[in-house]
Amino acid sequence: MSKSTAEIRQAFLDFFHSKGHQVVASSSLVPNNDPTLLFTNAGMNQFKDVFLGLDKRNYSRATTSQRCVRAGGKHNDLENVGYTARHHTFFEMLGNFSFGDYFKHDAIQFAWELLTGENWFALPKERLWVTVYETDDEAYEIWEKEVGIPRERIIRIGDNKGAPYASDNFWQMGDTGPCGPCTEIFYDHGDHIWGGPPGSPEEDGDRYIEIWNIVFMQFNRQADGAMEPLPKPSVDTGMGLERIAAVLQHVNSNYDIDLFRTLIEAVAKVTGATDLGNKSLRVIADHIRSCAFLVADGVLPSNENRGYVLRRIIRRAVRHGNMLGAKETFFYKLVGPLIEVMGSAGEELKRQQAQVEQVLKTEEEQFARTLERGLALLDEELAKLQGDTLDGETAFRLYDTYGFPVDLTADVCRERNIKVDEAGFEAAMEEQRRRAREASGFGADYNAMIRVDSASEFKGYDHLELNGKVTALFVDGKAVEAINAGQEAVVVLDQTPFYAESGGQVGDKGELKGAGFTFSVDDTQKYGQAIGHLGKLSAGALKVGDAVQADVDEARRARIRLNHSATHLMHAALRQVLGTHVAQKGSLVSDKVLRFDFSHNEAMKPSEIREVEDLVNAQIRRNLPIETNIMDLDAAKAKGAMALFGEKYDERVRVLSMGDFSTELCGGTHASRTGDIGLFRIISESGTAAGIRRIEAVTGEGAMATVHAQSDRLNDIAHLLKGDSQNLGDKVRAVLERTRQLEKELQQLKDQAAAQESANLSSKAVDLNGVKLLVSELAGIEPKMLRTMVDDLKNQLGSTVIVLATVVEGKVSLIAGVSKDVTDRVKAGELIGMVAQQVGGKGGGRPDMAQAGGTDAAALPAALASVQGWVSAKLQ
């Protein structure tokens, strides 16, 4: 009996654990140590700094099953996913790693034992082929003499990519740094499948499939190309879980393994599809894996960077669901089946299931509103296309108006053998960006052009007043030697107490003073390593080299400090109340308010807002010490310090702790103790985007001001109701009850008036061939009363055709009623349409009742006068 995918994963980890390897959990799909990577795409990513010698672990052997995504950037498999046997946006990479421990001999022997051992994978040895780098005689001899593979199944691969060491069998991290030869293991599916061994002209066939790549990091490549042996060679291996599962389960396509069969059946169930061989099922089964795990790792759909890649994958899946005939939102329903089939690897996803489902559902609902119209436009454009290429302008219009990522458009076109002019699409995108820049209305931002060679030393943690020297001056972005009174400028000092805007905290304000001059600072910004003071010289003259006294606005800084410290407390409180999925997505810390954007799928309940508020105020009352420590980044993370997603940190970081409640990396300015904050109040909670909520709050004096304002409003209301704040609830309830009674009485009077009006109108009906026709314009009648009157009149008149109209604030309201015995000759919908057209409107409804509106009240008398002739003709 073949192993399940989950059992294969566990067997791999168990095998290497038995060989002294530390089992290390999969890292996030969002790399936390490599800004050059969009997503984690290999098992070695989380160990990159270990291989580079920048990080040390307490183990020298490791094994992982690493979640990986390849979609976007250099590794973009998206367009092939679902159409080939082995392309995926998401896959798991099984790996074993040696950090200066074992090398080629053990790495090869471990691989062979796992693959062929009777207690492990038990693959037939004669089905396995290997490749080695052309000059790697050591690996060749291990395979031939120690493992015993015949020479004809060991293939040397040279530099087949056009340059020295550019080979399928030579791995390098970059132009310089660790590199080395690799050996790859292939499985022969048999001669019933087309394809040749690696290195042959038929190597792209599906017969011989690479299942394991073992990299031997033994050199350090120098800038001049020289290869220096590493003092401690290492090993990095990777085996695709889905590929080895296909081999062990005796299938040729990854989509036929148990994991994908289960997901494909789930997709068919939620979309209503019956043909399990449909490639759209494969696309969706793949895409739910990448989308669900990306959301679980903190990525949300957006129009930029990782969020845009996620959006593209979701929308591609939704479009394929549409092709399968899905009539309602379906994609989020696959998260549950995915969790089940992933086994132990899905535990983190299970913890965040509700959040992930909500994000996927919201994104699908948004796209569903425009998908049908966008596809109709694309069909229309393709139908009239003369050549075989869709122009970039149309592809851009689909993106801009209907939210179609260009690869989704390309997907549709591909099915019809049509290409997309992607260069034209990019040109249209750039033109839109240019127009947006020109239309921003802010003119040129000269300060953004400032380049400062010197550095400024920030001393504002300990000082609010400091003497410094002017090292540079800028006016309209250009360096100058001096400025005069009235000029706006940017002043750079050698040292300053002014905090430059960063980490969400606004820049300081204050004054720079000296011999005969005063410079008012309205903002402080960073320019590389320099700190610029933006403002206006109000008196005197200032030149480079002048000595200045820098004075920060102390009261303003104090308010900012309170708000910043409260932001940290609120972040920790949100994670306690809502869950650990809460992550900071943006913030503003000013002297007046703090604003905090965070990941959460639904509006906070009033009880949750109160709980967060109470929790923060409880920490304020504890008067916790607020302490800062400078330490290594890894030590800070080990201490549990929260790092902001996407933020780049130096090797040495500033860790801010508030007792046992909050620990974060932060370079901002803060209170000394939580008690300094005084009071914390949330003033609003709202949504800014799918899955992103925003809280605005105030502290200290600002919070007290909101308390006073609320108290004043309550007193004003109490005064109006002739009560006091103590019995205000009873007073309001009494007023509401009295209002309901009066509204009920008023409606009764209106009904009576309408009934009386109906009785008066019935006598005005005229007889047309045995059918009573009543046409009337009514004054002082609410439009919603017309329907009641028509029902009353139909009961009174028997066989009848009725048209009533009223004009309120210049707008015409019309209604037509026809008794059921007359609807075979006169249709209310047709009648009301004829009248509405004459008063500048339109309408419709059932044969016995129809309503309409119009804008031309002056034309109403003539329109009503035309009814009798129209009805008479119908009754002939």
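The backbone N, Cα and C atoms fix where each Cβ goes, glycine too.
Listed features, source Swiss-Prot:
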BINDING   His564, His568, Cys666, His670  Zn(2+) binding site
Cβ-centroid neighbours of Zn(2+) site His564, His568, Cys666, His670, 8 Å, sequence order: Ser565, Thr567, Val589, Ile626, Leu656, Glu664, Gly668, Thr669
CB contacts for His670 (Zn(2+) binding site) [other CB atoms within 10 A, all chains]: 25
Cys666 (Zn(2+) binding site), number of other Cβ atoms within 10 Å: 24
Neighbour count (Cβ, 10 Å) for His564 (Zn(2+) binding site): 25
